[in-house]
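Since the structure comes first, as structure tokens, the remarks are kept for the end.
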């Protein structure tokens with residue numbers, strides 16, 4: 001199964017909000033060159049909430065075609081409507097995704113049994129490796145370790161992206177589930193410690209702008225080389241912090257625009273990063289070697 005630095009890829013857009021297919025192709029090729037280990041297409045960072053069905057499928061299809069034979073692709077196919085999630089997951093399998101990432105249902109706040117039945121229904125409907133995604137800070141819905149344990153026994157539910165940043169939570173899941181159940185961090189700030197504690201990788205926002213260094217940090221942590229991992233992570237920590245100075249993916253898209261890698265487009269209800277926040281992130285990017293010092 002997939003290990004290492006998995007970029008939660010942005011969906012590049014033009015100023016009018018339309019998908020920028022040329023920039024998308026360039027980003028995928030850049031991640032191959034930079035040593036990224038895998039790509040998540042149309043996750044939260046990819047603005048899944050504001051892409052229509054056809055756009056959602058088209059972005060996944062394009063990323064799969066571009067990455068084929070070079071990088072595994074995990075398709076974001078979660079929804080708070082079980083039938084919608086099944087449809088998106090079926091489409092991703094048809095289009096050749098290697099696995100799917102399924103966020104917990106947001107807004108409708110299902111109980112733990114509802115979460116279990118939701119993910120079980122998707123797994124039974126579509127035979128593709130499926131990764132659970134727990135991010136209660138965004139969804140107001142927390143997938144508890146005992147429910148993860150139950151779901152880990154479903155053959156094609158193969159792992160979880162745990163984005164609480166709670167390392168004790170990660171350790172509990174590790175203890176409850178079999179060794180082949182994959183644990184991915186969804187919190188860049190704690191990802192190094194997460195991997196050193198037995199995790200298998202990081203589904204990363206920071207990897208959008210510093211892919212080579214994120215890949216190297218994850219490789220060192222996976223190899224148990226804590227000193228190298230800590231040294232690399234110390235260089236990345238300012239990005240881990242300031243790429244969340246406003247709601248994700250607002251800062252990371254602005255950073256990529258400053259690097260000349262994408263246009264400035266983002267879809268409502270998100271808006272471009274405020275002018276007040278720009279100097280701080282720009283200075284952090286300069287300190288991290290992402291921009292020329294002027």
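Cβ coordinates come from backbone N, Cα and C, glycine included.
Record features (Swiss-Prot):
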type	residues	note
SITE	44	site 'Part of a proton relay during catalysis'
BINDING	45, 203	pyruvate binding site
SITE	107	site 'Part of a proton relay during catalysis'
ACT_SITE	133	active site, proton donor/acceptor
ACT_SITE	161	active site, schiff-base intermediate with substrate
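When the Cα of residue 107 (site 'Part of a proton relay during catalysis') is compared against those of the recorded positions 45, 133, 161, 203, the shortest separation belongs to 133. Taking the C-alpha positions, the distance from residue 161 (active site, schiff-base intermediate with substrate) to the residue listed as 'active site, proton donor/acceptor' comes to 5 Å. If you count neighbouring Cβ atoms within 10 Å for each of the recorded positions 45, 133, 161, 203, the highest count belongs to 203.
Residue 203 (pyruvate binding site) falls within a strand when secondary structure is assigned with DSSP.
Within the same chain, residues at least 6 positions away in sequence whose Cβ sits under 8 Å from that of residue 44 (site 'Part of a proton relay during catalysis') are 8, 76, 103, 135, 138, 248, 249. If you draw a 10 Å sphere around the CB of residue 107 (site 'Part of a proton relay during catalysis'), it holds 8 other CB atoms from the protein chains shown. Rounded to the nearest whole angstrom, the C-alpha distance between the residue listed as 'active site, proton donor/acceptor' and residue 45 (pyruvate binding site) is 13.
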